[in-house]
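J.: My questions will all concern the structure given below.
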Amino acid sequence: MDGGELLELRDNGSAVQSAGRAQQLLLFCVMMTTTFEEAELCFPQLNSSCRKIMRPHSVSMLIYITLSSISVITVVLNLLVIISISHFNLLLCYFSRKLHTPTNLLLLSLALSDFFVGLLMVFQIILIDGCWFLGDLMCAVYFVLDYAVTAVSIGTMVLISIDRYVAICYPLLYPIKITQYRVKICVSVFWMVCFFCNGLYLKVNVEQPGRYSTCIGECVAVIESFLGLLDVLLSLFVSVTIIVILHMRIFAVVVSQARAMRSNIRDAKRQGSVRITVKKSEVKAARALGVVVVVFLICVCPYFCVTLSGDDAVVSASSAAFVMCLFYINSCLNPLIYAFFYPWFRNCIRVIVTLQILKCYCNLSVVKLGGGLRQIWLIWLKCSTPEKFILIILFQNVERRALWGPFSGPK
């Protein structure tokens, strides 16, 4: 059996319940509901080989195309986030702090973990036919990596929620409490803890590869029920609870601030004061926060509901495949939710897509205008064409903006 949540009879007839990630249970459901008629062996030359699952060609193509598309899109989108934050951060680290913030360090960690989630989907696609051709050791390593990066992805969303909560609810304390150094330490420790804990969960599988396999070509991971239950509780209940509570608090603060601003405007109009215009950023922020919570719950909750249902649940092949794809889509949507909403990121994407990033090198001509809050840096990135430059205008105030475009450079 290839199910991370199924009861396995191992060693002296004792039952050990594996409680790994839900895609193993879902994959098992997909395979078990598929006909075994005319099934082929994974290794025809071996009698102890596992059987390859035979399904209609149209169904196989649909599964492969869907998972492959999700994998490619997830890798590409998160790679764009990684390049945008890391490359431009190094290029303009001295002059621009827009990409060099604690929040963007968390976004970089999230993009990196989701990038590996999309990359590891290739091995999940291999398992769709029920055959593993890479050996027992690689199977154990795959499970450790898959479990770890998934935990990092979910945990980083919790860290982002905490970061936004402090920034919005306690703006005066944010620069003191949330620093780049502390975020770097926190992210590094969190990655190490995730890999250590998941390696500990799967210690037996790594030390004795193939111990729980019933036939050659099977890839299965088994952990003790207590550790599996603890993993599910931390990954689902604790994470979801923290994210929902913090975002509800943020939403309440944003709404109260918007109402207070509207009230001040009405009072100012009654007194004949100068007309005040209110920005729509508060409303947009509240809507974005709602999107974050709803998308996360829709993508992750069905995944863990199947996990908690155990081996007694009856899941159809179509439902299992849908839930499995839904969970992976969360890693695909994360860059859209957390990064694509930012104007600076869209500007960076424009530079990457138009290949201007390949033409520019670190030859900066800097012009400083004004001072204080009205200070402006004009940074000229010299390109391969001498008469063309990319002008970046950085306003050193509370609401910074970066404008990208080809301009004639200084003579």
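Just so it is clear, glycine is given a Cβ too, placed from its N, Cα and C backbone atoms.
Sharing the feature lines straight out of TrEMBL:
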type	residues	note
DOMAIN	77-338	domain 'G-protein coupled receptors family 1 profile'
TRANSMEM	61-85	transmembrane segment
TRANSMEM	105-128	transmembrane segment
TRANSMEM	140-162	transmembrane segment
TRANSMEM	183-202	transmembrane segment
TRANSMEM	232-256	transmembrane segment
TRANSMEM	288-309	transmembrane segment
TRANSMEM	321-341	transmembrane segment
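If you look at the structure here, what lies around each of the features I listed?
T.: Only residues 6 or more beyond the boundaries of the transmembrane segment (61-85), in the same chain, are considered here, and those with a CB under 8 A from a CB of the stretch are 30, 99, 104, 107-108, 111-112, 114-115, 117-119, 121-122, 124-125, 128, 321, 325, 328-329, 331-332, 334-336, 339, 345, 348-349, 352, 357.
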J.: What residues elsewhere in the chain lie close to the transmembrane segment (105-128), defined as a C-beta under 8 angstroms and at least 6 residues from its ends?
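T.: Residues 2, 23, 27, 30, 53, 60, 63-64, 67-68, 70-75, 78-79, 81-82, 85-86, 134, 142, 145-146, 149-150, 152-153, 156-157, 159-160, 163, 180, 183-184, 187, 190-191, 219, 328, 331-332, 334-335, 338-339 contact the transmembrane segment (105-128) from elsewhere in the chain.
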J.: Which bits of the chain, at least 6 residues beyond where the transmembrane segment (183-202) starts or stops, bring a Cβ under 8 A of a Cβ in it?
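T.: Cβ under 8 Å, 6 or more out: 20, 102, 105-106, 109, 140, 143-144, 147-149, 151-152, 155-156, 159, 163, 221, 223, 227-228, 231.
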